[in-house]
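Peer 1: First the structure, then my questions, so here it is.
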Amino acid sequence: MTPTAASELLLSIESTCDETAAAVIRRDGTVLGQCIATQETLHEQFGGVVPEIAARAHLERILPVIDTALTQAKVRGEDLTAIAVADRPGLAGSLLVGVVAAKTLALAWNKPLISLNHLHAHLYACQLIEGAPANIYPAIGLIVSGGHTSLYVCRTAIDLEYLGGTIDDAAGEAFDKVAAMLSLPFPGGIEVAKLASQGNDKAYSFPRSMIHDPGDDFSFSGLKTAVRYAIVGPGRQDFASLDISDQVKRDVCASFEAAVVDVLVSKCRRAIKRHRNRNNDPQNSINRLIVGGGVAANQRLRRDLQAAADKDGFELWIAPPHLCTDNAVMGAIAWKKFEAEQFASLDLDITPGLQRGF
């Protein structure tokens, strides 16, 4: 009997940072079961993700999370067609837990193993939007998250060309650091956005680093330093003892968020314009932008990107907010590698880190 899209099932596993996630996805894209275990309360007291704590939490949760996804889907391991796991990039200990689990299950159930690039999967989440075209590629892709801020030419879901990225801090990292300066709860990016919506985004004139640079690289460390000096002045280390008014916090957040979004939107517009009529070849023209990653849930970024798309006449698809943060559903990209017969061996190793070029 020939398998059909309704009978072929994928188990997707995600453990790149501090979310342990699994999903069972049919080949037609239907999600039959999914589970995410977050670690926010474990890392809250530290103001950021502690790699060793994250890895230990993954160890405790990986099997229950997988079991929950399978139970929701009402399938057994033997019913699966393939197993996919994100093996790059991310925290070494976190990645290792997911990859070892996937390899073990692939061996035990005699299923093909598929390795995933976590960042490429974030972009593929745009393909999962209701109403998206059957093939959302080619496109310019923007990943904006706590660990990465990068631009790509996405020829297909699994054929991406890295254009450029941050040379220092990622946008999401800058959000979290500013939140820490203002003693806001973890995770800080959400809290900064909340206060920003109530503040004056012109109260502080923060730098838009590299906004006029013709390339595709980003820089946010200078912005982070400018915010620090606006709050405490040069040289001071102690933020906890500061008495910062609520209005100042709102205005700092609004001005900071505006600076980040201005840079992201400007770089995307420039990349689209450059590739729209590349070499005057309509066959290679790209007039679509896809956006993924945790910061892609930011409402100001979504609004300003849509305004740019309307003004410049390009097509915009941003991952739905629930698929912007780390999840296993975006692992549906594995079906593209399955179709291309791009399988991993049981010797699969992790590729951790936040290096440029992923």
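Counting starts with 1 at the first residue shown.
Keep in mind that glycine also has a Cβ here, set from the backbone N, Cα and C atoms.
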Peer 1: According to Swiss-Prot, I143, V144, S145, G146, G147, G189, N298 bind substrate; which one of D169, D176, D310, D312 is listed for that same site?
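Peer 2: For the substrate site that includes I143, V144, S145, G146, G147, G189, N298, Swiss-Prot also lists D176.
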Peer 1: Kindly point out which candidate in D262, D304, D326 is recorded by Swiss-Prot as part of the Fe cation site with H118, H122.
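Peer 2: Looking through D262, D304, D326, the residue Swiss-Prot assigns to the Fe cation site is D326.
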Peer 1: Using the residues the record lists for substrate (I143, V144, S145, G146, G147, D176, G189, N298), what whole-number Å value is the largest Cα to Cα distance?
Peer 2: 17
Peer 1: Measuring CB to CB from H118 (Fe cation binding site), give everything in the same chain under 8 Å that is also at least six residues away in sequence.
Peer 2: E14, T16, A86, R88, P89, G90, D326
Peer 1: When a 10 Å sphere is centred on the Cβ of I143 (substrate binding site), how many other Cβ atoms does it contain?
Peer 2: 26
Peer 1: Given the binding-site residues H122, D176, which one has the fewest other C-beta atoms within 10 angstroms of its C-beta?
Peer 2: D176
Peer 1: Can you tell me the three-state DSSP label for I143 (substrate binding site)?
Peer 2: strand
Peer 1: In whole Å, note down how far the CA of H122 (Fe cation binding site) lies from the CA of S145 (substrate binding site).
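Peer 2: S145 (substrate binding site) and H122 (Fe cation binding site) have their Cα atoms 10 Å apart.
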Peer 1: Using Cα coordinates, what distance in whole Å links N298 (substrate binding site) and H122 (Fe cation binding site)?
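Peer 2: So the Cα of H122 (Fe cation binding site) lies 15 Å away from that of N298 (substrate binding site).
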